[in-house]
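**Q** What follows is a structure written as structure tokens; I'll ask about it next.
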Amino acid sequence: MVSIEGRFTEASSLKIGIVAARFNDLITSKLLSGCIDCLTRHGIDTSESSSQLDIAWVPGSFELPLVSQTMAKSGRYQVLITLGAVIRGDTPHFEVVINESSKGIASVSRETGVPIIFGVLTTDTMQQALERAGVKNNLGWNYALQAIEMGSLMKALK
């Protein structure tokens, strides 16, 4: 039996794309900082002149699937990370946005074979979102770790 796993020690060879939503950028900018911190600590060049990391900004989480699809189809990335924050309001808009963005992102990943890490927070309150993107527990770090693992796993499977 062969056991195949992603390796965190092979991160420096990955080309990663991040698609981040501007809506609720108080949250998404913190998630992005967590991602960049993790990627840097794992040997990925995150400087302005980096050829290993590209960041695309979209208006909101609803637009994440389209830009993810374009990036995945470009053939330049081994893995993508999507970042967004959808906070429940008084209307059903929350359900529409999160349902369509999650289905769209999953569909793009399956269609293209490029792993896409789903880093879209879905919370009832801004406070809950801040707690998930804060200093003590920034899920952006976790999303970057998942990206490293999946990117290296997919390379190992090919």
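Note: Cβ is positioned from N, Cα and C throughout, glycine not excepted.
From Swiss-Prot, here are the annotated features:
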BINDING   F23, S61, F62, E63, A85, V86, I87, F118  5-amino-6-(D-ribitylamino)uracil binding site
BINDING   D90, T91, R132  (2S)-2-hydroxy-3-oxobutyl phosphate binding site
ACT_SITE  H93  active site, proton donor
**Q** Given T91 ((2S)-2-hydroxy-3-oxobutyl phosphate binding site) and F62 (5-amino-6-(D-ribitylamino)uracil binding site), what distance in Å do their CA atoms have, once rounded to a whole number?
**A** 16
**Q** Record lists D90, T91, R132 as binding (2S)-2-hydroxy-3-oxobutyl phosphate; longest Cα-Cα distance in Å?
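**A** Farthest-apart Cα atoms in D90, T91, R132 are separated by 23 Å.
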**Q** Which secondary structure state does DSSP assign to H93 (active site, proton donor), in the simple three-class scheme?
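**A** SS state of H93 (active site, proton donor) = helix.
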